[in-house]
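Enquirer: Quick paste from TrEMBL:
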ACT_SITE  Glu1160  active site, proton acceptor
BINDING   Cys23  [2Fe-2S] cluster 1 binding site
BINDING   Cys63, Cys66  [2Fe-2S] cluster 2 binding site
BINDING   Leu205, Val206, Val207, Gly208, Asn209, Thr210, Glu211, Val212, Phe285, Asp308, Leu356, Lys374  FAD binding site
BINDING   Gln701, Phe732, Arg846, Ala981  Mo-molybdopterin binding site
BINDING   Glu736, Arg814, Phe848  substrate binding site
DOMAIN    177-366  domain 'FAD-binding PCMH-type'
Amino acid sequence: MFKIVISRSNPMVHTHHHTANACLFPVCALHHVAVTTVEGIGNTKSRLHPAQERIAKSHGSQCGFCTPGIVMSMYTLLRNKPEPKMEDIEDAFQGNTHSSAEMQPVLIAEACLFLLQNGGCCGGKANGPGCCMNGKEDNVVSLFNSSEFQPLDPTQEPIFPPELMTQSNKQQKQLCFKGERVMWIQPTTLKELVALKSQYPNAKLVVGNTEVGIEMRLKNMLYPVIIAPAWISEMNAVQHTETGVTFGAACTLSSVEEVLRKVVAELPPYKAEVFQAVLEQLRWFAGPQIRNVAALGGNIMTASPISDLNPVLMASGIIHLPLISPCSTEGKRTITMDEKFFTGYRKTIVKPEEILLSVEIPYSKKGEYFSAFKQASRREDDIAIVTCGMRVLFQDGTNRVEEIKLSYGGMAPTTVLALKTCKELTGRDWNEKLLQDACRLLAGEMDLSPSAPGGMVDFRRTLTLSFFFKFYLTVLQKLSKNYNGTEDLYSCVLLQEVPRGQAVEDMVGRPLMHVSAAKQACGEAVYCDDIPHYENELYLTLVTSTKAHAKILSVDASEAQSVPGFVCFVSAKDVPGSNITGIANDETVFAEDVVTCVGHIIGAVLADTQEHSRRAAKVVKIKYEELKPIVTIQVRWLRSASASIKRINKGDVKKGFEESDHILEGEMYLGGQEHFYLETHCTLAVPKGEDGEMELFVSTQNPMKTQEFAANALGVPSNRIVVRVKRMGGGFGGKETRNTILTTAVAVAAFKTGRPVRCMLDRDEDMLISGGRHPFLGRYKVGFMKNGKVKSLEVSYYGNGGNSVDLSYGVMDRALLHLDNSYNIPNVSSVGIVCKTNLPSNTAFRGFGGPQGMMIAECWMSDLARKCGLPPEEVRKLNLYHEGDLTHFNQKLEGFTLRRCWDECLSSSSYHVFWSCLAGALVHVYTDGSVLLTHGGTEMGQGLHTKMIQVASRSLGIPTSNIYISETSTNTVPNTSPTAASVSADINGMAVHNACQTILKRLEPIKQSNPKGSWEDWIKAAYENCVSLSATGIPDLGYDFEKNEGKPFCYFSYGVACSEVEIDCLTGDHKNIRTDIVMDVGTSLNPAIDIGQIEGAFVQGLGLFTMEELRYSPEGNLYTRGPGMYKIPAFGDIPTEFYVSLLRDCPNSKAVYSSKAVGEPPLFLSASVFYAIKDAIYSARKDSGLTEPFRLDSPATPERIRNACVDIFTKMCPSAEPGTFKPWSVRV
């Protein structure tokens, strides 16, 4: 999501700057404003802006796709507040869409803090050994040197354009822009607006375009006439009256927030109750870039049933809404925002031709108390599940209710008042009897059908009671004037030392800045869709199935032909080679007779522009004969081949159970996860016109398979296809194989037309068709002794593979190999079954099946500790492996550092809880001594190119500045393994090292003849003597499941994390208070990148285990197709205190320069948060007399946390009997 800075001039105040989403803000609305993009504040050719420089040099950019948005948020804040506070910085970052795993959000915030102070990794609070602030300890690596940062000088910022300054004093003219289907009119006076509304009564009034833009972009809605009243003075006015503050309907939410903050600071507290509630809701209302443009009036008139503000306004008393109408004889009327205001879903009593002029928010009175509550899947920048406004007015000098209003959103198609409950409570004393009766009445009045849209019915009903209980307590708390404070963000990293005597120019082990960081911070980094358009280029939009399982009866593209710019429709009959594709040859390029999931690609439309191709694709008509879909693991349609079932057995499980004191059985479900890389799948295919040659620019982790599948579809040898990868905006396994479903379709289209063809998927398309992490169901039976020692384990894993094999078998293999996590289990019987369903094929994801396998291990370990009545950390430590032990797959543990990690983590956390291929390289040396390096790995933000440059630098003994990596391509390094499984630095690093050694061997005679010469001298001499200055390098694993023998892993990675959380038992919210991580990465090649990978993996794991939830209809239709419903972690979800340490003195002899893989292993460490949450729930349940182990599935969403905290409120909202209703969503 790209940000721009919009600057407006107002003669009455200073120039104001604010961020906006470029994808939503209409170009038409930019008249009379100055627009600044990330390229406009600094660049690599002249000078970086201080915000850009700090993010780059502080290692705050990895894949870089979201970095410009972060930069512009910080830049805008600094323009408005040159000396911001920490809370200002945190607020500015809200709403920035970023993949939690590809960024180091903590370091970004710290980097920006350097604009304010010369703090360090801890904001100036610590100076311990290894802290990045401490430069006194010899050989300690600092992440960055803050003294290198240029100071922030506000006088050097671009000035506001003088011509716009003068324009603001002149009379504005009405503007009108006409497009193919939409007319945009911007009036400048209220009179013009009224006349336009008379002429176009059904026209939409748009200020920020935050709702209409989404509807037109994603919901296929069309509004032929749009009127923009943003510049009408009466609709932007703010008036302070005797009864409250009146805001013009076009006032932005940010301006409302700013005005109310000032008013609250000046008013006595009793008059500001409603204002405080509005501010509390606005605090969590979207992000700044939405609040900066969204209007108060638009928020009301949108009439969303889950609006944050409407329940507050409805509950606050009598809200008068002045309306003006060109059709009314009076011209104006005033209506009240009461229980009659909303007439239905997204409907109000306001007539189509009427215009909302203003909104008055009232002062509160003495004896009046007001609260607003909101519960969402994510605290920050999320739509509400349930929201409410609650107001009570007491009779003077008493605790007797004179008036009470309880208003809820999320409990009906409209915002509703609990009228019956309020009537019963009026005249009652504010005491526990009132509380009990209120909850009983609300449970009856705020009821929901078990099939209600949005699901989470029990949770939503319980929240209505929990919110009232909170309101009840809040009123008592306010009466006693008892308030709480806030906490600051605090983090630290503990790095390794470089060996004493290591040359300064040897960059291995040093925190070299990501080689593309500066370009990424300036918006100069080129991604696939940034490649300039070719002449005669076409754009492709996919046509996909809307049914999960059906026969295709007909496909009619005739209506698409009438769309301007339409070129052709491509389908299976246009495939020149084989239409069969996929890892197991069980997929098609285009569906022919049958579709097997929603999102199955049937065809594609080609047109001259992206907009035209999208319009044409939407009108392609497909007729189906529906077949019964299978979407869940519980209804198991197993692949009949025996290969779909894998087993690992060790010891005598039956005997182990007989010898056990206790046996515990249970099961756990882990939901899937969307990759949510910022850059969606993208391909540009360029036919070369000769012999079937084609060049493919692709965002992929797997150039080899991309080349192979495209060649197969086109019916040409692989040597005719060249795949090029410059960089990716994130991957995480999602671009290992699934990019090919788009690439092959684009290649076929380019082949058919003979013209370049481009396609970049929209977010909703990408999430729909590309699959994600496999949902897993684990069933276990574990035998153990009274002291917690595990004797025997029987476990079954079921994975939802989707509609094709893809990498599902490999994912299940990895789950079985990780079923022990870190525990020595003498007797094991395990089985893994991949289930075929009518969902889009699931695929590789960071950790493969490892997190699923280990999560279920920690589930039974947690439960057996509770069963024994022993502290969980004691039981875990008792069962840990020792050096030299054999795993359940009979591999010996060597260099076992886990117990060191354990001890260091417990010590640093002050807690006395634990948990725990082919490659290639090509090196060209040019006569000026510069080196062009190419290797088989792809760059997706993990810093692989940076590390390979460091390896080559040490191997050749030259500065990193002499070495350059341009791209990864199949015509330079062929037949490479995908960049996945965390082994890319290992295998490609060794390949680079080998290639460099080849060149050094050739140079040896020349160096001996001129030992005092420079690198450049030796290279020049080699060229003159016809010595080849180009070399390649190519760096024995295997495991037999049947025999349970072999060596599936070259080495093991170890890590320990300890997390502290706080849960709200009434709402299910949780707060990540502190996390300590100790990670064994061997001898780090680049500690800055490795720390970033650890932090990023941990935060991505937070999403997997506590937040991210894919929701499907019973028919297999994915509801969660974008950031509106699918929530990844935000900045506020990072632990308040976050400490990461790299274990020292633990070289790994089995990888290049003693390093270890670091991309995937740390992800599972965030399970520490999940089990901390489970422990907290256990404590809450214990207060209710429940002490037995309980089931908590993953992710631990607010819904699951709240429902597990059984209390009187959950009992008042019993679940409907399964089978008596059709659920809105199902667990897949």
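Cβ from N, Cα, C; glycine included.
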Enquirer: Of Cys63, Gln701, Glu736, Phe848, Glu1160, which is closest to Asn209 (FAD binding site) if I measure between C-alpha atoms? They're all recorded positions.
Expert: Cys63
Enquirer: If you measure from the Cα of Cys23 ([2Fe-2S] cluster 1 binding site), which of the binding-site residues Cys63, Cys66, Arg846, Phe848 is the nearest?
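Expert: Closest candidate to Cys23 ([2Fe-2S] cluster 1 binding site), judged by Cα separation, is Cys66.
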Enquirer: Could you tell me the C-alpha distance between Arg814 (substrate binding site) and Glu211 (FAD binding site) in angstrom, no decimals?
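Expert: Spelling it out, the Cα of Arg814 (substrate binding site) and the Cα of Glu211 (FAD binding site) are 44 Å apart.
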Enquirer: So of all those binding-site residues, Cys63, Cys66, Phe732, Glu736, Phe848, which one's Cα sits nearest to Val207 (FAD binding site)?
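Expert: That would be Cys66, nearest by Cα distance.
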Enquirer: Fewest neighbouring Cβ atoms within 10 Å: which of the binding-site residues Asn209, Gln701?
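Expert: Counting other Cβ atoms within 10 Å of each of the binding-site residues Asn209, Gln701, the minimum falls on Asn209.
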Enquirer: Please work out which residue of Phe285, Phe732, Phe848 has the most C-beta neighbours within 10 angstroms of its C-beta, and give that one of the binding-site residues.
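Expert: Per the Cβ count, the most surrounded site is Phe732.
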Enquirer: Give me the non-local Cβ neighbours of Glu211 (FAD binding site): same chain, 6+ apart in sequence, Cβ-Cβ under 8 Å, ordered along the sequence.
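Expert: Ala294, Gly298, Thr302 - these are the non-local Cβ neighbours of Glu211 (FAD binding site), listed in sequence order.
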Enquirer: If I take the Cα of Glu1160 (active site, proton acceptor) as reference, which of the binding-site residues Leu205, Phe285, Leu356, Arg846, Phe848 has the closest Cα?
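Expert: Nearest by Cα distance to Glu1160 (active site, proton acceptor): Arg846.
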Enquirer: Give me the mean pLDDT over the domain 'FAD-binding PCMH-type' (177-366), rounded to a whole number.
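Expert: That region's mean pLDDT is 91.
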Enquirer: Work through the binding-site residues one by one (Cys23, Cys63, Val207, Leu356) and point out the residue whose CB has the fewest other CB atoms within 10 angstroms.
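Expert: Minimum Cβ neighbour count within 10 Å, taken over the binding-site residues Cys23, Cys63, Val207, Leu356, occurs at Cys23.
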Enquirer: Counting Cβ atoms within 10 Å across all protein chains shown, which of the binding-site residues Cys66, Leu205 comes out on top?
Expert: Cys66
Enquirer: Quick one: of Cys63, Cys66, Phe732, Glu736, Arg846, Phe848, which binding-site residues lie within 10 angstroms of Phe285 (FAD binding site), measuring between C-alpha atoms? Sequence order, please.
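Expert: Within 10 Å of Phe285 (FAD binding site): none of them.
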Enquirer: If you count Cβ atoms within 10 Å of the Cβ of Arg814 (substrate binding site), leaving out that atom itself, what do you get?
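Expert: I get 22 for this one.
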Enquirer: Would you count the other C-beta atoms found within 10 angstroms of the C-beta of Glu736 (substrate binding site) for me?
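Expert: There are 25 such Cβ atoms around Glu736 (substrate binding site).
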Enquirer: In whole Å, note down how far the CA of Cys66 ([2Fe-2S] cluster 2 binding site) lies from the CA of Arg846 (Mo-molybdopterin binding site).
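Expert: Pair distance, Cα basis, whole Å: 20 Å.
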Enquirer: Between any two of Glu736, Arg814, Phe848, the residues recorded as binding substrate, what is the biggest Cα to Cα distance in Å?
Expert: 16
Enquirer: What is the biggest Cα to Cα gap, in Å, among Leu205, Val206, Val207, Gly208, Asn209, Thr210, Glu211, Val212, Phe285, Asp308, Leu356, Lys374, the residues listed as binding FAD?
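Expert: Site span for FAD, by Cα atoms: 28 Å.
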Enquirer: Which of these binding-site residues is closest to Cys66 ([2Fe-2S] cluster 2 binding site) if you go by CA atoms: Leu205, Leu356, Glu736?
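Expert: Nearest candidate: Glu736.
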